[in-house]
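See below for the structure under consideration.
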Amino acid sequence: MALEWVVLGYAAAAEAVMVLLLTIPGLGPLRKGLVAVIRNLLKPFLSIVPFCLFLFMDIYWKYENRPTCDSSDSCTPTEHLRHQKSIMKSQRNMLLIVTALVFYWLLYSVTHLVVKIDQLSSRVDKLKNN
């Protein structure tokens, strides 16, 4: 089960790097190429949304079907520690899911804004030339 979390982590990191590259000032000549590459990558990266939904449902199912260790008499210390570790892993994985979704949304929004700015600047240049 760890492989999908590694894949999601790498995808979130790639999204973060792409957002960072789009927002760094001073990359004027490279920006058009970056925008073209990132726009082509947005559709494949959309698969992160159902993947995150699947992983969220997996966490929810594990949460609903976990053994309860509410009182100290019902569990041994080892079982209680295992239960606490499981809760910590679920919280970490949920944070990774939210991070991946937020970075995808940021990447989509920033790319859309950069494309819109490029279109508007080309319109302004056309109007100045006329």
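From the backbone N, Cα and C atoms, a Cβ is placed for every residue, glycine too.
Curation plays no part in TrEMBL annotations; they are all automatic predictions.
Annotated domain 'BAP29/BAP31 transmembrane' per TrEMBL: 1-125, in sequence order. According to TrEMBL, the feature transmembrane segment maps to 6-28, 40-61, 94-115.
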With a Cβ cut-off under 8 Å, give me the same-chain residues at least six positions beyond the ends of the transmembrane segment (6-28) that come close to it.
34-35, 38, 41, 45, 48, 51-52, 55, 96-97, 99-100, 103-104, 106-107, 110-111, 114
Tally of helix, strand and coil residues over the domain 'BAP29/BAP31 transmembrane' (1-125) according to DSSP?
106 helix, 0 strand, 19 coil
